[in-house]
Structures are given as structure tokens and as C-alpha cells.
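Notes for the one structure printed next.
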């Protein structure tokens, strides 16, 4: 801003018209005076990632409530175990174990997130008593019938997207009183279900507050609102409530997290496909 | 009724002629300006009232699963084989492009079909034709074998002869604006246009529910654009021939134009969206409004030809015609207003718009028309003798042959009536559209080459949450899909049990022996979980499984069957389910099912409406004619035209849809006009002139015979014009009404006089006959 004003003052004596034009250009794109919106967007995303660095591993209980347009609902319960992989070129490892409904109890899903390639995935079906490796490029389908796609829940990595900062504004209802960065991100991996996402990140703690998902034809598809944040280990923020509304079908899914624990001390060997059978 | 006040009224109109003309035009412009708000409905659901049980069943199905409309692209390469590298590439391309269609939520084709296969403990789920696959001959042969062997694809997205394939786009229309459908359809056509340019040797047809919806507005528009000019042409020609007066013709054109404009403007102000049935309203109004003017002009010109001054002629014409025109307008309005009993809102709109037009026509006919004629120069050749030779001869013929005519007409009516039960109700909604509408030809192409367009859906509830995985339930619903597949006319059944079978095979290393239903609930549930985890965006199972996995949706695709066959299939299916899976009792539903019952429902609802119209119209006649006897007698010539018309239809055509339900009511309001005019002249002669019944019949023929022939001719031509409609309902409605109007003229000329003479005999002595002035006065 200061540079702006200086430039303006310097030109004031000369051609006002040119100055106005330049200032307008400057407002439209800050490129002449520092970072581009793309750089700023990426910087914010990196800061989000940086602040979450070093959590080591986490575990949580998760209740998933699916509701259709008529208000009929159904719940699923699962546990998620995440192992942080510090290298930026590699994604985290996640293990999902289903507890409820009874007929899928003990079903375990293990994934090693990749940045741009299809993730490595294994599934253990207790009824079949076998571990199956799943080869699929699809990450965009509904996660257990919910409004969350697999790609919304797991496998969030900085380098999966290109970014662009849009504007700063109040975070809105979900985080009253906080100011947010609004950045746009464009999936770089193939087979994403989205053309882009618009995310609201609070400027104080760099937590995602809201995400708007746009489908492949760039129509607003879903809105995710994250709330009831708690801080763990004096640093890491986790939302206990994640609410997804599908604007096109009227269906909703609420994720309620419970018993967040960080640095519980799991290690690589817990994420071995061959050990899926012994989980319970 | 000497009509003293009518004479004063007529004099007032003549004195204030300029004010009346300006006032009428100003009123028409003010009301007509509502035309700018006119819109076209783009949803087939408008044919169903809110309380329609089939609509309710279908909507509840959509609430439980997904609300789907679709666009189906049908592709056929000229060289006759779908499985070539170029063709598969083209399908992939169209599949990709289809994701860009507004409101699209899902695209299904043989290329993005989620093919799953196993290699040991590795399960692969991918597009059947992957993006960068080298399409070698062997690879293509494998793809072909998979596609043709896949129950989810064969007969739905790929024809068994591998000559034709489809790309099905599922859309969820928000339903907030009528422009959604045209927007989606325009985008689809753009895609097709671009596709055709790149692949000139592939035939592309576009169908589906969105195309259907769009066709409704296109048919409405086509009707407005073609029928109205034709109708004006007919009116101009008819008037010039019959009236032989240019000024009279212009006056009539102005009256009908103002009437139609007023009614359509009011329609716009009221926010009624046009549908194919209601878009015929202006054509019908033009037709009906002509009648009022003709009656006024025939009397007026006749009086002038006999030597009266224009002023005298205008007053005399109003005096003689004011009451009959009011009465005929009233009865016509009642007939059309009775359409409000119809279960199909488009017919209610048609009734209300036409009734508004008829009332407007009455107002303009008794105000604007005489005022206009008072202003414009009107020249006629003086004639000393009446030009009613033909009518006089007809009157003498009827009087001479009254007995044979009475028996002959009765025999004719009975002979025709026996054909009515042979009429079969059929509402194959694709056939609603004339081949001039693209949707019809494209859909016929799809049905001939790929698969049916008509479908029937079932939602089969299981015992409890997650119950769809119970082996017992799966076995039963699988038996149902097997049974369904064997039913005549069923082309394809989409059932999730086929997916369970395939997964079971995949999870056992693709061993064909395992191509069977999982025999354990947990296993089925876990397969489902696995499958859901590996599906891409849009290809999920939410359209087939409800939220708590307690019921499944089945979709049967049917060949081009009649709605009677569809009703049989629906009843048989429901009976099979009730007998074999009593816990899953359900109602079959779909747009086709809705249309399958639409005629019956409307006929039943219109029975009340038509009955009420008959009672009201007969009461109006009794009051207006001040004769219970004659009023009751009039019911006979008013009812039998519809009977004759339907009889002729049963004899010559034999099949009819929704239009049948409303024809009796609308034609009643129109044909009653003939008897009103005839009877009012008959009674005038009897009362004012003390004529004998025979002479009163002669008087009636002489005074209104010609006008009735002319108006009937115009009405027959007008409703006959509807035969040129792009919409089958309108064609049937127009032809049946034209038949009824013609039958009414025959009945009023050949049956009504003998009936009058038969019941009026004994009155002869009561009313002392007075000296009779010359007939034809």
C-alpha cells in the first residue's frame, strides 16, 4: 500500500489519468508490487500446512450422519488413524476402521496418499477374511455413501492444487468475528470431481473454516463448514464438526469427531497392509 | 321479449360510437399488454395435478433416491460398428463434453462404465475404455465382449447388435425457472452440433426426459406460430364468401383479434404458462368469436338488403341477436369452464383462457362491432327476394319427412354409439408429438435402434436399516428382476444384484463360478462399501439405494408399448411382489405410469365437470327460452353430437388419448349455440307472431339457417385446423370437436324440428294461430 501511495504522489503532478489507470491495474493485480495472487494463495496454503507440521500422528472417533432431502437419516461410525509423512513429495498414511453399522464392522481401509498419482489402497473385508489391494484412480466418489468424497476427507496435500488468493473478508457465521483469507484452489491431479474449490482460511490460526466445491462444469456443488475447533498439544487445531451440504441434491452429511488424540505413538508397522486382518 | 331496452342500448352505442371504439381498443391494449409475461411451460409434470396419485408416488420415489431428468444421446456410426478405435474415441469425447451440460450430475456411457476385474488379490476398478489405453484389436475385442456381456449396459447403452450406443446424462433441474430445460437443451444441441462437425459419419439423436420437456414448449410455440395465421386465413376467406362484405369482414377480424388479444393478455397477467393444449386457446377463441359477429352481421346485412338503413339495421340486428348471443357466449363459457374439473392443469388453463376469450368476444361483439359498423361505410346490393331458397327447401323437406327423419336419425345415433366402447385409451407420450417435432423422430430412432424410452420403476423396501444386504432379501428381489425380464415388452432391468454378482466374482479372483449373490449379509454389505469407495464422482449408487440402505430401486426399460400394456405390466408386477415378497409391497411408478393413467383419471374427473356443464347449460336454456319443455328437449340435440363424434372416431380411428376426456364438455358449450339460435327463433315466431309449429320451423330455418351453416362451417374449419397441430392431443381435440359441431348441425336441422313438431302438437290448440306474416321477414 505504501508503495502504491508513493507512486501515486509522484505521478500526481503529471498525468492524473495515467496514475489512476496504474492504481487500478495495481489493485486488480498486485504483481507490480510484490506477490501475485497465485503466490499469495500458495503462501497461505503452505502456512496452513506448516502450522500443522509435526503432529506426528493422530487418532479420532468419527460419527457420520447422512440425511436426505426428506430428513431421513442414517449413521456410520468409524475410527481414523493418520500417520504424518513429513516429506513434502509424499502424502500421509491413513487407516480407517469401520465400527458401525454392524455388517461392516471391522472393515479396514488403508491408504498411502500420493501427490498426483493414484493413492495406494488396501481394503480388508472381515467377511471374506482377505486383504484386497484396490487399484483405482477414482477419489471423487462418495465416501461410504456420504456427501464427502474420498478426496475431501483424506489425502489433503499442498501440492495437489494450484492456488489463487481471491480476497480477504470476514469468515462469516461459522467463525464469527474472525477475518479470513479466501483462496481458490484448482486440483492438479486427474480424476478429481471438481473444477475448483474456494476455501475460507482464518487469518489468525490458518484453519479452514469453509470450503465451496464446484463440480466439473463449475457449478456450486457442495459447501463444507468446519467448526468447534479445539487446539491440541498447544499448536494443532482440529475441528469436531464438519458439515457438508450438497446444493444440487439437498442431501447433507455431518461428521462429528470425538476423542482426538495426537502423537499417540503409532508407527509405520501399524500401517502395514498385512496387519489389517488383526485390527479390531 | 320485445327488447325495448336493447333498442335504447343500441341507440346509445351508435351515439357514443367513437367513445365505444376508443374504449374497446384501450381496454384490449391494456389487458393485452399482459402478453409480454406469457411463458411456455417446460415440464411434462404440468399435466398432472398436485393430488394425482401417480405423480405423488413418483415424487416420493424421487425424494427417497434422486430426482433425475435425463438427456440421452444416441450414436450410430454409418459403418455399423460401435467398437472401433475412432468410435470409442468419439464416445469418450462426447462423455467428457457431457459433464459440461448445465445441471448435469452424472454421465453414463460404455466408455466410462466402471469396469472391475481381479488379478489375484488385486482388484482394479477403471473406465471400460481408459483415457490413454492403446486400443489394439485385442483390447477392443475384450472391451466389446465385456460391454455386450454386461447386464447393466446391454440393451440400455449398447444395442445387442453393437451398431448403436448411447451416452446418458443425468440432470438434476433445480426447478426454479422455466428456462432451465431450454438452457440445458440448447447446450446439448451445441454439443451435438460440434460433435457432428468432427464426426460427420456418426448419426446422433437426442432424447430423454429433458428433450421431452423441451418438446412441450416447442410444440406450443409451433402451434401458436402456424395455427393462428392459418385460422385468420380461414376466417377471412369464409367471411368474404359468406358475408360478401369487406367492411363486415374487417369488423369481424377486429372483434376476433381484440378478443384473442384480451384473453392472451389476461393469461399473461395471471401468470399462466402455456402448454400445448392451452396454446390452442387463441385459435379456438378466434373460431368461437367469429360466430357472434356472423350472427350480428347476417341479420344486419339481410335487413339492409331488404331496404333498411344502416342505423335501423344495426338496431334491429342487436335487438334480434342480443339475447341469443349472450346465451351462446354464456353456454360456451360454461362448457369451457367445466374443464376446471379436469385432473390435468393444462386443460384447466385451456378452459379458463378460452372462457375469458369468449366473454371478451361477447363484450366486443355487442359494443365495438355495432359502433365500428356505425362509423364505416357499409354498402349492400338491394335484394327484393331473400337468398334463402336453399334453406326454404330444406325446411320443406324436413317438414315433409319428419317421421322418417326422426327414426332415421335415431337409428344413425345408435349405430354410431355402439362403436364408442371400441375406443382404446392410449397415452404413449412420445406419440403426442408430430414428426415435425425433432424429439419425436429422434426418440423413434432411439427406440428402434438402442432401447426403449418408456420406463417403470420400483422401490423395494427391505426389513430394516441395512436390510438390503440380507441374502434372503437379495434372493427375492433377484427373483423379481428375473421375472420382470421375462415379461413381454421389458427390454432391460437395472438391478443392483448384478453388481453384487460381479463383485463376488471379482473378489474370488474372477472365478466365473462365483458369479452369484453373496450368501452372507456382512459380505454383501462389505462389497457394497468396497464398491462405493472405488467409484468416481457421479457414478455412485445413490440413485439406486436409499440413505439407510433399507430399500432398492429397480428400473425396467420397456419397448414401445401402449399404456394399456403398461397398466397390465404394472398390475402384474405389483401382484407378483405382493405374492412373493409381501414385506416389500410397493407401487410401480414413472412418468410413463403417470401418463398410463392420465386419460382414465381425467375422464372420471371430467364426468362430473361435463355433467355439471350439461345441467347448467340446460338450466340457462330453460330460463332464457322461458320454456321447460323446449329447454329439456334441447338436451337431445345437444348430447347426441358428442355421441356421434365419438362413435365415428371409434369406427374410423379407434385409439385416443387424454383429449377424449374434455371433448364432450367443450363441444357441448359450442354446439348448444346452434340449438339456442334455432329454438329462440322458433319460439319468437310462436310467441310474437303466433305462428304454427310448422311455420315457426320455416321461420327458424329462414332466419338462422344460413347463419348456422356459416358459423358451423367456420367452426368446423377452425377446429379442423387443429388437426395441423404439432401435438396429437390438439389434433384429436380439434377433429373430434369439428365432428361434433358438424353432427350438431345435422341434428339441429334434421332431428330438432321433427322433435319440436312431435312435442308441440297439442299446444297448437292452446295458442290460437294468428295471421302469419311472410316467412323470411
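Any Cβ shown, glycine's included, is placed from N, Cα and C.
Whatever TrEMBL says is automated annotation, not expert-curated.
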TrEMBL lists transmembrane segment for one of the ranges B:161-184, B:185-208, B:353-376, B:377-400; which is that range?
B:353-376
B:104-123, B:124-143, B:224-243 - the range that TrEMBL marks as transmembrane segment:
B:224-243
Have a look at B:12-32, B:33-53 and point to the one annotated transmembrane segment in TrEMBL.
B:12-32
For the annotation transmembrane segment in TrEMBL, which listed range does it cover: B:554-582, B:699-727?
B:699-727
Stretch-level contact, the transmembrane segment (B:658-679) and the transmembrane segment (B:224-243), CB cutoff 8 A, at least 3 pairs:
no
Tally of DSSP helical, extended and coil residues in the domain 'SSD' (B:250-375):
111 helix, 2 strand, 13 coil
Any chance the transmembrane segment (B:733-759) and the transmembrane segment (B:603-625) have 3 or more Cβ pairs under 8 A, given the pairs are 6 or more apart in sequence?
no
Average model confidence [pLDDT] within the domain 'SSD' (B:250-375):
92
Contact between the transmembrane segment (B:324-341) and the transmembrane segment (B:353-376) is defined here as three or more C-beta pairs under 8 Å separated by at least 6 residues; is that satisfied?
yes
Are there residues at least six beyond either end of the transmembrane segment (B:224-243) with Cβ under 8 Å to its Cβ atoms? List them, or say none.
249, 252-253, 256, 260, 274, 279-280, 282-283, 286-287, 290, 294, 297-298, 301, 710, 713-714, 717-718, 721-722, 724-726
Tertiary contacts of the transmembrane segment (B:324-341) (same chain, 6+ residues out, Cβ under 8 Å):
288, 291-292, 295-296, 347-348, 350-352, 354-355, 358-359, 361-362, 365-366, 605-606, 608-610, 612-613, 616-617, 620-621, 624, 662, 665-670, 672-673, 676-677, 680
The transmembrane segment (B:404-421) and the transmembrane segment (B:632-652): do they have three or more Cβ pairs under 8 Å, with pairs 6 or more apart in sequence?
yes
Report the DSSP secondary-structure composition of the domain 'SSD' (B:631-758) as helix, strand and coil residue counts.
114 helix, 3 strand, 11 coil
Three or more CB pairs closer than 8 Å, sequence separation of 6 or more: does that hold for the transmembrane segment (B:699-727) against the transmembrane segment (B:284-303)?
yes
